Amino acid sequence: MAASHSFAFVVCVLEIGALTAGPTPSYVHEPIQRSDPLQPIDCRMSPWSEWSHCDPCLRQMFRSRSIEVFGQFHGKSCVDALGDRRACIPTEACEDAEEDCEKDEFHCGTGRCIKRRLLCNGDNDCGDFSDEDDCETEPRLTCRNREVQESELARTAGYGINILGMDPLATPFDNEYYHGLCDRVWDGNTLTHYRKPWNVAVLAYETKIDKNFRTEYYEEQMQAFKSIIEEETSNFNANLALKFTPTEAKASKAEEASPKNKSLDDNDKGFSSKFQFSYSKNETYQLFLSYSSQKEKMFLLVKGIIQLGRFVMKNRGVMLTNTFLDDIKSLPTTYEKGEYFAFLETYGTHYSSSGSLGGRYELIYVLDKASMKEKGIELNDIKKCLGFDLDLSLNIPGKSAGLSLTGQANKNNCLKSGHGNAVNITRANLIDDVISLIRGGTQKFAFELKEKLLTKAKMVDVTDFINWASSLSDAPVLINQKLSPIYNLIPVKIKDAHQKRQNLERGIEDYINEFSTKKCSPCQNGGTALLMDGQCLCTCPFMFEGIACEISKRKLA
């Protein structure tokens, strides 16, 4: 299919990786006798610092503390705030920066300055519609009679990441600001013209899909876990430290700026999180880590990626949300760890200067290796039954709009004769669990898949992938991005901009060092420590288990 065609095209990629640890011997538990049984380690914090001086502009004073030791071995986790604030009466005057608009500009109710030519054009240029309040005549619509829709891909453009894997609560970009322009972009999948926001330099609807599912299987749990979290932390975080639950105080209106308010689910604390279907990230990883390799489990990872479009953000003159600007102004000029950590947990440590949008389909099948061996079932038999050995084809719509994928699991492939008996793979207790790490898609699909997993349905197959893919255009997420530090977005005109930029640089470095596995007790017998939401965990080599990898397993003669 020619790339010059006006409709979307397909890039076919074949990538099947297989990582194995060789044949698995049978073991029996034989715990090593210990004279010093492991005791729970509770989170230990440093004492609070002294209160800072009273900030004359914020009329607040601050203090902070540090984490000395993380919880471990079922001890209390470190989930309390590291920063504190209280109101105060300043002893010096606040030197506020002048923020008057130019003569040819209109001063919005939000404090934003816009050109007067943008008044009464039907667009929400101010962010609170105050530019549309006093119109003596009918608004002169920017797009006039041209058909155009708001783009979900464009709303998500620029979204960032947190270096520890947490989903930011808000975006810094106002991607519903158009600067009086009506730049339209055609989407061949939905047969719709979408409006390109002012902040987005390039918006292109280009559909690409892996022709084949990428499958990987692991016998070592730690290998599988590293493969999963590499994408969550974008390879920034090398010390296996993950933090999914915000712990610092948040700006009250920051969530309102987030495009994820249209997304699927909420995490444990009630904040909007990024399109997780079955569980919060914390619950998902805890569930995965509850399956140990020593119980003769095998982990099959199935991945499929669909790209719907790509974007490039402008590198200057962008329109930031009012809440983002207010939160920058609310940062103290002196470095206060808790306040800067809160900002990073709200907006992320980095934003996306360019990237692609769509969805990432990722499932972990926990397989019972002993049962597979007993029934004569191989890994390829399971992949074939689930339909993950099939080629996918993308149909370009004609008269009817929408992304159309074809691919069908053949249930006859789920029957296999082995060891003298016919085995039905779907009913043979070969798949212990299916763990979802899917990103993107609408609420309807989320509920359907969640219900399927909660009923312990093991047959999440290629048909579910097709259903998910059809919902992506309504709820895309970032699947690939080029990142830039969040402090690059601080406008130079803001008071103390240079000092706050330096403070944010320091804050990112401190954030990484604060939540580090260096504050965990060592795991025994070659185990690897990882940190998840304030609790240190041990993942063990194949021949050991236990909360510290302290239990040996000896091979049967």
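Glycine is treated like the rest: Cβ placed from N, Cα and C.
When Swiss-Prot is consulted, the disulfide partner of Cys385, picked from Cys414, Cys520, turns out to be Cys414. Which of 94-101, 150-157, 270-277, 478-485 counts as transmembrane segment depends on Swiss-Prot, and there it is 270-277. Residues 379-386 are the range that Swiss-Prot records as transmembrane segment, among 379-386, 427-434, 443-450. Here Swiss-Prot gives transmembrane segment for one range in the set 236-243, 284-291, 540-547: that range is 236-243. Look at Cys536 (disulfide bond): DSSP puts it in a strand. Annotation for Cys135 (disulfide bond): spatial neighbours Leu119, Cys120, criterion Cβ-Cβ under 8 Å with sequence separation of six or more. In the predicted model, the domain 'TSP type-1' (42-95) shows an average pLDDT of 95. Between the alpha carbons (Cα) of Cys108 (disulfide bond) and Cys54 (disulfide bond) lies a span of roughly 31 Å. In this structure, the disulfide-bonded residues Cys120, Cys126 were compared by how many other Cβ atoms lie within 10 Å of their Cβ, and the smallest count belongs to Cys120.
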